[in-house]
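Engineer: According to Swiss-Prot, the record shows the following:
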- 205, 211, 331, 510, 512, 513: UDP-alpha-D-glucose binding site (BINDING)
- 291, 292, 294, 297, 301, 501, 582, 586: alpha-D-glucose 6-phosphate binding site (BINDING)
- 682-695: compositional bias 'Basic and acidic residues' (COMPBIAS)
- 8: phosphoserine (MOD_RES)
- 11: phosphoserine (MOD_RES)
- 412: phosphoserine (MOD_RES)
- 641: phosphoserine (MOD_RES)
- 645: phosphoserine (MOD_RES)
- 649: phosphoserine (MOD_RES)
- 657: phosphoserine (MOD_RES)
- 698: phosphoserine (MOD_RES)
- 700: phosphothreonine (MOD_RES)
- 709: phosphoserine (MOD_RES)
- 719: phosphothreonine (MOD_RES)
- 725: phosphoserine (MOD_RES)
């Protein structure tokens, strides 16, 4: 079923303008997730980046609840004494009854307070709690599924903590508990089963069954309504996990997902329509001048070029100044992440560049962690050879410079035949001989444990991209997370992204997609799909995404072969751009970062919490969603200049990096369109804050503050049949 644009649950103008009148003085927020100070996947990034904006709203009444891990506490958490007597009594009570509960400050931006529950120390109660879970929720958990057993322990400990916290407070606060993913969902179900006075929110960042089904090469999105979910979950031996996730979704006062595409998925697989969509954001750090991030791109690109010089030693027969760096990164899910489509498109791009005699070279990086045992010896040797050449060149340069200096010092021109002696030539010849090798540069930087069956390497063998001299597309598979301490490519992920020209993420299953969002914030164009949350969000809010360096690949309504052809077209068109066009496009891409800032996207979470308070405490809070008029639909406009990446445009100020100057292809200035980057940037930044909508009373807090609305019938809030989005914008259909 196609995405509906008539009812938008992620439209910026649909959000209420909350003011300080909404009283949170006697309210406490607990955000519960398995990835609090415990990096496992993308939820860690969500919590880490969102902590500051949430802390600004809730102050000292904001706490994160997660599992205790020795590594996480040692490197990320400062252990502290609880700041309030009630919280201290809560922890003391639990610790005296056989639990181990720790309190501290997570050392990230915003410095939120965290409560860490030691799951392993409570394993003595596992069987009893599993029995209670069966009696209460009819969910049985097998003994062999350690992850599910940990979820049971974590859920019961979380519920115990929340119940104890409420009991230790003489004046009962209004508690909001926000649970992320199925691993934390048991706690939500138990809160409702034990009738704790807690407003609950459940956010699914990706459905369990959806991820499994997409990995099985099924036509997922066109058959959503046809799946027998119980049968599919049972066949994949995840039925108990699926039950945990579905129960949490149905028990929550407010159910949210991270994107519209995941909302549709959840409606069919979890059988509840989300109340609101809460897109993921980032902490955007703006530069004081436009050229700063362009110069960072040039510096990071130079680091990547050093690696390429070593990796391709002996076959460095291409111009690095005419080389583009593409990359794909993420969890190693070959088809879900679109690595299969990317490889096929690279093979077709290689053919197009060769038959058209292009001087452009593309180096495509695959940054996907896989099972390895050590570095590839040939790759290490390449970096050693590069360093040896650099040392040789510096030695000869110093001797040459000293002789030149001495000659000029006595007032005579140097004799060029005496500037380099025989020893220097011998040293240089030995360095040249060291660069010779018979084999092609390696495709993989590490030795893989399952080389013969690895999906990426198997596909590369099939399509024949072996990094030969004739290939215009080179492939480098780096099956490890990037690190600035690596002996091969000593850069961290952020620096690597800044140095690349294009991020390619043709995912088939991507509920949100932080990787293209990170590219956008850093001013790097990216390719996403209309099956990713990020792609759908950008497609909805930008009139012409490609003009801003956001290319949306159609993987929903096209066949796999057609999608490969479209991706090839995107890549080839990008290769045809001049440096100047890429500079202008990077400027535009970076300006979109305002759309992804938590300062704006954090309001979706704010609205979800207000909705939950109104449902759980109808005598104290009321909530009425705001509906924008049809004329208030928000879309980021096309850039003022035409064409989208103008080759006939004049730069008004030196925003490009110093090493990316180039002539205007012989075109006189009067033939081109005047292009003022500062003026266009000012227009775009104004658009992110406009249009304004009329104020409407939407909330009441009887515990303090002034009245903002008449009370509403909260019975309509208890049914999840229709999304009560603060952003439900009845906008016109858009093509």
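The first residue you see is number 1, and the count goes up from there.
Quick reminder: no glycine exception, Cβ is built from N, Cα and C everywhere.
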Engineer: Would you please pick out, from the recorded positions 294, 412, the one with the fewest other Cβ atoms within 10 Å of its Cβ?
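Structural biologist: Fewest other Cβ atoms within 10 Å, among the recorded positions 294, 412, is found for 412.
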Engineer: If you count the other Cβ atoms within 10 Å of each Cβ, which of the binding-site residues 292, 510 comes out on top?
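Structural biologist: Of the binding-site residues 292, 510, the most buried by Cβ count within 10 Å is 510.
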Engineer: Could you say whether, by DSSP, residue 412 (phosphoserine) belongs to a helix, a strand or a coil region?
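Structural biologist: In the DSSP reduction, residue 412 (phosphoserine) maps to coil.
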Engineer: Hey, of the binding-site residues listed (205, 211, 297, 331), which one tops the CB count within 10 A?
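Structural biologist: When each Cβ's neighbours within 10 Å are tallied, 297 tops the list.
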Engineer: Given the recorded positions 291, 294, 412, find the one whose Cα is closest in space to the Cα of residue 510 (UDP-alpha-D-glucose binding site).
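Structural biologist: Answer for the nearest of the recorded positions: 294.
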Engineer: Cα-Cα, whole number of Å: residue 205 (UDP-alpha-D-glucose binding site) versus residue 294 (alpha-D-glucose 6-phosphate binding site)?
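Structural biologist: Pair distance, Cα basis, whole Å: 33 Å.
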Engineer: Can you check which residues sit near residue 301 (alpha-D-glucose 6-phosphate binding site), meaning Cβ under 8 Å from its Cβ, same chain, 6 or more apart in sequence, and list them in order?
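Structural biologist: In sequence order, 325, 499, 500 meet the Cβ cut-off.
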Engineer: Please classify the secondary structure at residue 294 (alpha-D-glucose 6-phosphate binding site) using three-state DSSP.
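Structural biologist: Reduced to three states, the DSSP call for residue 294 (alpha-D-glucose 6-phosphate binding site) is helix.
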Engineer: List the residues of the same chain that sit at least 6 positions away from residue 501 (alpha-D-glucose 6-phosphate binding site) in sequence and have their Cβ under 8 Å from its Cβ, in sequence order, or write 'none'.
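Structural biologist: Correct list: 324, 325, 326, 524, 525, 574, 582.
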Engineer: Among 205, 211, 331, 510, 512, 513, which the record lists as binding UDP-alpha-D-glucose, how far apart in Å are the two most distant Cα atoms?
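Structural biologist: Taking every pair of listed residues, the largest Cα separation comes to 15 Å.
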Engineer: Sort the recorded positions 331, 412, 513 by C-alpha distance from residue 297 (alpha-D-glucose 6-phosphate binding site) and give me just the closest.
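Structural biologist: Of the recorded positions 331, 412, 513, 513 has its Cα closest to that of residue 297 (alpha-D-glucose 6-phosphate binding site).
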Engineer: Of 291, 582, 586, which of the binding-site residues has the most Cβ neighbours inside 10 Å?
Structural biologist: 586
Engineer: If I take the Cα of residue 291 (alpha-D-glucose 6-phosphate binding site) as reference, which of the recorded positions 211, 412, 512, 513 has the closest Cα?
Structural biologist: 513
Engineer: Counting other Cβ atoms within 10 Å, pick out the least crowded of the binding-site residues 512, 513.
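Structural biologist: So among 512, 513, the binding-site residues given, the one with the fewest Cβ atoms within 10 Å is 512.
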Engineer: Using Cα coordinates, what distance in whole Å links residue 586 (alpha-D-glucose 6-phosphate binding site) and residue 211 (UDP-alpha-D-glucose binding site)?
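Structural biologist: About 33 Å separates the two Cα atoms.
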